[in-house]
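**Q** From TrEMBL, for reference:
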type: DOMAIN; residues: 145-312; note: domain 'Glycosyltransferase 2-like'
type: TRANSMEM; residues: 67-88; note: transmembrane segment
type: TRANSMEM; residues: 94-114; note: transmembrane segment
type: TRANSMEM; residues: 393-417; note: transmembrane segment
type: TRANSMEM; residues: 423-444; note: transmembrane segment
type: TRANSMEM; residues: 497-516; note: transmembrane segment
type: TRANSMEM; residues: 522-540; note: transmembrane segment
Amino acid sequence: MQLAFSGPHEDSSMPASASDLEISRNPFKLVNNWIRKTYCPIQEPPLVLPSCPTDDEKLSYLHTNRIPLYIFGIFSFLSLGAGMWLFSLCAAPFYWYGVFVAFLNIYLLISYWVGIVGKDWDYKAHQQRTKQYPITEETAPSIDIFLPVCAEELEILDNTWRHVMQLDWPASKIKVHVLDDGAKDTVRNLAEQYGFNYIVRDDRPRLKKAGNLRWAFTRTDGDFFVIFDADFCPRPDLLRELIVEHLDDDKTAIVQSPQFFRVTDEQTWVEQGAGATQELFYRVVQVNRNRWGASICVGSNAMYRRAALEEVGGTAEIGFSEDVHTGFGAVDRGWKVRYIPLCLATGVCPPTPRSFFSQQMRWARGSTTLLTNGHFWVSNLTLVQKLCYLCGFLYYSAVSLGIFISPIPGILLLWFRPEWFKYYNLAFAIPSILYGLLVFRFWAKASYGMNVQHVMLIQSYAYLTAIKDRLFGIELLWAASGDTKAHKSNKYRNMRILCWIWTILILGGMFSAVTYRLLHGFPWYNPLPLIVLNLYNFYVSHRFLFCNW
């Protein structure tokens, strides 16, 4: 991966080569080069290294502004739901569609209920706790910093570790450990330069990241430990902000802070869209769940109490999504997971569609594995806590189903009930369209453009893959984001093929229905909204269809 460089190009004064001049005169080669650059680049995208959140970014998630968001969301839900139910009940052949509509309604009802009765985080109370528990050389608990590594770029590690060195904590009470599953000499040398303890476990690659963390847990002794993924750059005050929540309640096992992603112009369209999509979860969803003690542990940027995990030997003993299972297990054993919406560390999103697909598939697999495990339903979680976890699983399922159930009502209605097909039928969907395109754009702190729509389509197919694999018992081959071979699976290719097939079926079914009806005297203006909507959906999906990188 090459580093982004904003200085002058070394060859800016060099004359153009004959091949460059030939390409510049050939419009076909110009178009071909643009297509390759956009959809199938030969070179790796430039690496944009993050810096820790600024003071303004640190507080950017404090105010959820969730009430206007949910008011418009409920209105769009009721409008779209009414249209879908009318379609389901308009004729006996469409009754089957009602099963999926009912499922979506149940998910949205639970989701909006959790959101509406949620409570904003009390920042003033947190500030009071920072005054109540001053940290000095004598009072500071000991903390281990875990830096799990596996084949990430050395530039990424160096950037992160420079920020780790700036953590504000008494030197005698902090130890930094590099947990290298790649066992690279270059990483060892860099760790020695920073004065970090370097650990390579004997049982690699057992349990992947979870095995790495559990090995380190049994060989360290700090009162607390903090995990930073290879790309997350912490603010100097991160430890002081997290520790007071632990000191305030000795039954707190984990204090989780957001995974913050800065959106910049230098990033790829995948990074820009992926970073913006995370804001809703960390700014609203986690805060809502925090009221019920059901916030999810996401691994990085969290502080763990050693005493809460000693009885199980550390983080959850599972080969993927150990973070979610660790948090769930702690709550099940009577401990608490707290969430504070202070952006204390900045990370890097996957830069390519394939790597983003792989990441989202892993995240969804963690939730589906937890919810399809029989122990979850008989665990010690309260009913509301279980509903919060269930809501996450239903979200993955609803988004996956949306691929197939959203575009078919208009086409089926035009084919089999043309007398009920009117241009104004689309009015039921307009609030939902505006909700996704405009309302979120005004609500979000990050730049919320069309790239978000492109990556959300990729998310849908990644979630579908995770659910399909769970249903059929297909094992997930976990790999680190920095591993150049991590994302070369057939799953991404297979989902692109499915997307192509479904897109062709939808567009083919629509255009054939429109052509047939117009030839039989159907008013030309009635199918126009359907055509526009499906062409827009094709535009949203075209990046996934054509991008093979």
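Using N, Cα and C of the backbone, Cβ positions are placed for all residues, glycine too.
Where the annotation comes from TrEMBL, it is an automatic prediction and has not been curated.
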**Q** Can you tell me which parts of the same chain pack against the transmembrane segment (393-417), counting only residues 6+ beyond its ends and a CB-CB cutoff under 8 A?
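**A** Same-chain contacts beyond the ends: 83-84, 87, 90-91, 93-94, 97, 100-101, 103-104, 106-108, 110-111, 364, 367-368, 370-371, 425-426, 456, 459-461, 463-464, 466-467, 502, 506, 509-510, 513-514, 517, 527, 530, 533-534, 537.
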**Q** Other than its close neighbours in sequence, what residues sit by the transmembrane segment (522-540), given a CB gap under 8 Å and a spacing of at least six beyond its ends?
**A** 407, 410-411, 414, 418, 421-423, 425-426, 429, 450, 453-454, 457, 503, 506-507, 510, 513-514
**Q** Using a Cβ-Cβ cut-off of under 8 Å, list the residues of the same chain that are 6+ residues beyond the ends of the transmembrane segment (67-88) and lie near it.
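**A** Distal contacts: 94-95, 97-98, 101, 104-105, 108, 112, 115-116, 284, 409, 412-413, 425, 427-432, 434-435, 439, 443.
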**Q** Restricting to the same chain and to residues at least six past its boundaries, which positions have a Cβ under 8 Å from a Cβ of the transmembrane segment (423-444)?
**A** 65, 68-69, 72-73, 75-77, 79-80, 82-84, 86, 276, 279-280, 410, 413, 452-453, 525-530, 533
